[in-house]
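Annotated domain 'J' per Swiss-Prot: 5-69, in sequence order. Residues annotated as zinc finger in Swiss-Prot: 135-217. What Swiss-Prot lists as Zn(2+) 1 binding site is Cys148, Cys151, Cys205, Cys208. Annotation source Swiss-Prot lists repeat 'CXXCXGXG motif' at 148-155, 165-172, 191-198, 205-212. Residues annotated as Zn(2+) 2 binding site in Swiss-Prot, with sequence analysis given as evidence: Cys165, Cys168, Cys191, Cys194.
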Amino acid sequence: MAKRDYYEILGVDRGADKKEIKKAYRRLARKYHPDVSDDPDAAEKFKEISEAYAVLSDDEKRARYDRFGHAGMDGFSQEDIFNNINFEDIFSGLGFDIGNIFDMFGFGGGRRHGPQRGADISYTLDISLEDAYNGLETDIRVPHTKKCPVCHGSRAEPGTGTRTCQTCGGSGQVRQVRNTILGQMMNITTCPDCQGEGTVVEKPCSNCNGKGVVRKTSTIHVKVPAGVETGSRLRVPGEGEMGLRGGEPGDLYVVIKVKPHSIFRREGANLYTEKPISFVQAALGDTVEVPTLDRPVKLRIPAGTQSGTTFRVKGHGMPHLKWNGYGNLYVKVKVVTPRKLSPRQKELLREFASISGDEIHEDKGFFDKVKDAIIH
């Protein structure tokens, strides 16, 4: 399958300047980076736009591409193409894991000799609405990587060390000169022996298999503030994956999920509920008790209240997470019609209907219908 034109991929004109090219790339990166996109082909699309940007943002590579097309890139390896790209600068503020980008293009080791920060991890914590109202402290068990207790992250068996990689001479890269139709090209690849580190361990640690980290499950104490809602994230610094080569560990993000409640529905800091009342209470008015997440409160029902009327109980909703105070509780009254009435109750209702001028056509029972049939 023929490769697409780099300008077409980024959606820019052939005369676009570097600023326009970078802007187009950042826009597409926000859309297709696998960290944020649900598109099953996002990784391939991200690679495609990244390669287009790497070529068009470099004056020399762009000139070769403009003259020879994709044939002008045949002598370049992936590392050659991305050699001068500063992903940290490009993706500043976008929230992407920069380290994973190198792995995505298959040249992870040769570009990262220094310390590498560990990846952030997330943990979903299910809590009740009452917990979200009051706040809570709890312990969670989180699997993550930690520094190997035997080699202390050195990756080498105790008593041994590391030595300079003989294959690459410590550079982490292997250079090969290739003859192409365009002349000699230098091909630079990650050293296959040291994976770009420049050093190799003399004897890998038997406890961690030379990785420098081990996987374990830790018990972590978490304080959940009052007012959190589904989707709230609590950051626990340093409890993510272990960093590499002395890099800082990542962070743990506890993602809150508030379980549905049997009585209340939540919208932000406000709560909603229903309160059944009798038609007598609705007609004459009354004071009723309604539940809250704190304690029952009194609610005045005015005379003549219609079913479906909503009342506000100020300050009895959820606590605000970022400032003092509480939301409101909204109570929707539902007038309940009695299913069974005593003869006296029916008599009083008929009298009420007569006084009100209402003409009532009651449904007759089975025996009343038989009686009418005999008489008539």
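Here the Cβ of each residue, glycine as well, is placed from N, Cα and C on the backbone.
Keep in mind the model is a prediction, meaning the values are calculated, not measured.
You'll find the Cα of Cys205 (Zn(2+) 1 binding site) roughly 16 Å from the Cα of Cys194 (Zn(2+) 2 binding site). Other C-beta atoms found within 10 angstroms of the C-beta of Cys205 (Zn(2+) 1 binding site) number 22, with every protein chain shown included. Residues Cys165, Cys168, Cys191, Cys194 make up the record's Zn(2+) 2 site, and a Cβ search at 8 Å around their centroid adds Gln166, Thr167, Gly169, Gly170, Ser171, Gly172, Gln173, Val174, Pro192, Asp193, Gln195, Gly196, Glu197, Gly198, Thr199, Val200 from the same chain.
Its own atom aside, the Cβ of Cys194 (Zn(2+) 2 binding site) has 24 Cβ atoms within 10 angstroms in the protein chains shown. In sequence order, Pro149, Val150, His152, Gly153, Ser154, Arg155, Ala156, Glu157, Pro204, Ser206, Asn207, Asn209, Gly210, Lys211, Gly212, Val213, Val214 are the same-chain residues whose CB sits within 8 A of the CB centroid of Cys148, Cys151, Cys205, Cys208, the residues recorded for Zn(2+) 1 being left out. Cys151 (Zn(2+) 1 binding site) sits 18 Å from Cys194 (Zn(2+) 2 binding site), taking the CA atoms of both as reference points. Across the repeat 'CXXCXGXG motif' (148-155), DSSP classifies residues as 0 helix, 0 strand, 8 coil.
Counted within 10 Å of its Cβ, the other Cβ atoms near Cys208 (Zn(2+) 1 binding site) come to 20, all protein chains included. On the 0 to 100 pLDDT scale, the zinc finger (135-217) averages 84 in the predicted structure.
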